[in-house]
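Q: Reproduced below are the annotations present in TrEMBL:
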- Tyr145: active site, proton acceptor (ACT_SITE)
- Asn84, Ser109, Tyr145, Lys149: NAD(+) binding site (BINDING)
- 5-175: domain 'NAD-dependent epimerase/dehydratase' (DOMAIN)
Amino acid sequence: MDETVLLTGAKGSVGTAIREGLADEYDWRYLFHNPPPFEPDHPYLVGDVSDEELVAEACEDVGAVVHLAGDPRRDAPWDSVLENNIHGTKVLYEAAVEAGVEKFVFASSNHAVGHFETERKPDLYRTHDDFMLDGTELPRPGNHYGISKATGEIIGRYYHDEYGIDVCNIRIGNLTRGHPPVDYERGQAMWLSYRDCAHIHDCALQAEYDYEIVYGISDNDRKYYSLERAKEVLGYDPQDNSAEWKAGERAG
Ligand SMILES: NC(=O)C1=CN([C@@H]2O[C@H](COP(=O)(O)OP(=O)(O)OC[C@H]3O[C@@H](n4cnc5c(N)ncnc54)[C@H](O)[C@@H]3O)[C@@H](O)[C@H]2O)C=CC1
Ligand SMILES: O=C1O[C@H](COP(=O)(O)O)[C@@H](O)[C@H](O)[C@H]1O
């Protein structure tokens, strides 16, 4: 991708993992919600993703969008996910297709399929359990936030079918810096390390596809999300595994 890549939600945790891992790999344009407390290393804009004029400017001469902006809380109130996650994503897609953006990478979530766990936990978080989701399953949101993420996937399906923009939905697991979540089986099953987070977004920007849903986790022994599609279509090659850690320290 030689053209500008727009990164929304750039100051957040996922945005930080991407900026740290891929700072020199792309001609980035960042969208920050509020003025950043640091001097960014690439051009940026500040404002709300639901601001039509702002996102039209943000999408000018852009080849790809990595859309992270949104309320990430699993218990986010409906009015927040409606405005920030659902409406904001629609506004950005409209601006992207209007500007001729070729590729849209969307930060979906494990919470878009959270209710697959209800009758299976905690066994499905353990290595002996063979239950697996591969991205072809219909969403089963676990909360209103998860509804907003599944809706973002559907919004992308429409804009792909209607306008031809390539879409990769990454159902991110649990991004935790430095080591997997401690004493938290769900988090260890879906841990995504910072370097694997940057890597899967790099792969999504480089690969060719039409419309995809993949899981964004490291190669954890406890996983119940298949990585086959991400490996096959994106060339994803995760380097980390939560099983190699114990209580926040590398085991062995
Ligand atoms: N951190 C994780 O483990 C996971 C994150 N995700 C998704 O990845 C994305 C990023 O998540 P995090 O970095 O963890 O969250 P974060 O809260 O650290 O970052 C989100 C950023 O988006 C900005 N933002 C929120 N609403 C906005 C709006 N209306 N307009 C412009 N900017 C807005 C916030 O100011 C913040 O800087 C979110 O969409 C979240 O749903 C999905 C699964 C797991
Ligand atoms: O979508 C998200 O999922 C992760 C993991 O979910 P959790 O309920 O096990 O914490 C969450 O940490 C993150 O904040 C959220 O955006």
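Cβ coordinates come from backbone N, Cα and C, glycine included.
Set these features in their place in the structure for me.
A: Under a cutoff of 8 A between CB atoms, and with a sequence separation of 6+ in the same chain, the neighbours of Tyr145 (active site, proton acceptor) are Asp71, Pro72, Arg73, Arg74, Asp75, Ala76, Val81, Asn85, Ser109, His111.
There are 21 other Cβ atoms within 10 Å of the Cβ belonging to Asn84 (NAD(+) binding site).
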Q: Should we count any of the recorded positions Asn84, Ser109, Tyr145 as near ligand 2, judged by a CB under 6 A from one of its atoms, and which?
A: Ser109
Q: Suppose we draw a 10 Å sphere around the Cβ of Lys149 (NAD(+) binding site). How many other Cβ atoms does it contain, all chains included?
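A: Counting Cβ neighbours of Lys149 (NAD(+) binding site) within 10 Å gives 30.
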